[in-house]
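**Student:** Encoded as structure tokens, here's the structure I'll be asking about.
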Amino acid sequence: MVVGARKVIGVREFTEACGVAVTVTDAPAPVDGRRNVIKAVVAAGWAYGGRASGLLWTIVVVAHLGVGSYGQYAMGFALGAIIAAPLDNPFNVRAIRESKERFLTERASRALLGIGLMIAGAACSPFSYLAWFALVVGGGEIVFNAVKSAPLRDGHPDRVMRMDTIRQFSSIVLGAGYLLVAPHPNLTAASMLYALPYVVVAARGLMLVPGNRPGIPGHPRLIAVLFAEHLANAAYMQGDILLLGALTDSDIAGYYAIASTVGWAAAQLGMALGNTYHEPLRAAGGALSAGPPTKHIAAVAVATSGSVIAAGLVMLATPFSTQLAWSLVIIGVFVAMRVVNFVLMTVLYVQRRDIVRSVAAGVLAPIKLLLVFALAHWGSIGACIASVVTDALLLAIYLAAVRRPIPAVEAEQAVAVPEQTVREGE
């Protein structure tokens, strides 16, 4: 049968019109849920290894350079995250849901953007520590995300976390080694050595560009939505610590920072679990049934939440701070909901419900800050309660969103019939 004109029709309509048996070769393979849970656990293990090495790096910097120098380093790192995260978010969201061709073109742009920021940072090195370190690290993370995007897109968060931990460990070995052996170490030299692995990352990222014409990550309106989403997320995740410190003191803010850091770290297992289902979700057009089974989500949520709550209860029986102990108990409730929210967030990415996520973050960030303000007299415990309340609201929003009918995307639900001969039996 010869098709004389190019026409876009549905897959089922095409096969019925041909009157032939057509084997679909790109159908999603059966998903082994237990294997995905194992991959998620491995990914979390690598992530926790990276966090442990980060703690050692903090100790070494403070011991050899002082708290003030560590504060400068932390501010530079925070500024780099503020610069990089919103710029990278459009690429990050689209990397797991777009066609292979679009993915490759946008990955090339992503790598070039990061390299450009690194070059700008190097140019600032004679003038400002904060500027050069923020731009080099922020740009390096964007390039690194481009390098990691292929295994993440294919549902292998364990590989991604392994790459993250290796990069971080390499940076820490170089920086800490200098601090331990140099007779008169300084922050600039230590930071340069810490950032050195990003040069290797940039070289690898540059190899992703040839053969792929760079492309922007979607329509400008979509880019603006995804950019704003991560700005709101930054306020949601970090603004509460800054506000609590301003309203109380650094000790109270420190207790809450420890509790929230433990909570977010524990909940990462939920993100890893969701990331293992990128391929089946993409193949199913974002159908909730293609995501992790409810029993697996519940098991991860209960295990991680229970671990944090147990740590807090044990701490109550020790001479350590009672406020920190109760903060851990309360933040454990947050962990259970955040695990589920991370999984639902992955589903929403694939369903293209970008405005839902962006609006939710934009609305809940000020609500959380208002709650922290109102409960500040309870210190860290009040801030933890604010986290639980706002994540419960976020969970309700996400559950309502993923259960609504998925918007039809004709370009993804149709197949182009080429101008070629289709023979029966082939």
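Quick reminder: no glycine exception, Cβ is built from N, Cα and C everywhere.
Heads up, TrEMBL stuff is auto-annotated, nobody curated it.
Reproduced below are the annotations present in TrEMBL:
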| type | residues | note |
| --- | --- | --- |
| TRANSMEM | 40-64 | transmembrane segment |
| TRANSMEM | 70-87 | transmembrane segment |
| TRANSMEM | 191-210 | transmembrane segment |
| TRANSMEM | 222-247 | transmembrane segment |
| TRANSMEM | 253-277 | transmembrane segment |
| TRANSMEM | 297-318 | transmembrane segment |
| TRANSMEM | 324-348 | transmembrane segment |
| TRANSMEM | 355-374 | transmembrane segment |
| TRANSMEM | 380-401 | transmembrane segment |
**Student:** For the transmembrane segment (380-401), give me same-chain residues lying six or more residues beyond its boundaries with a C-beta closer than 8 angstroms to one of its C-beta atoms, as numbers and ranges.
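**Tutor:** Distant Cβ neighbours of the transmembrane segment (380-401) are 236, 240-241, 244, 252-253, 255-256, 259-260, 263, 323-324, 326-327, 330-331, 333-334, 337-338, 340-341, 344-345, 348, 353, 356, 360, 364, 367-368, 371-372, 374.
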**Student:** Is it the case that the transmembrane segment (324-348) and the transmembrane segment (222-247) touch, counting contact as three or more CB pairs under 8 Å in which the residues of each pair are 6 or more positions apart?
**Tutor:** no
**Student:** Three or more CB pairs closer than 8 Å, sequence separation of 6 or more: does that hold for the transmembrane segment (222-247) against the transmembrane segment (297-318)?
**Tutor:** no
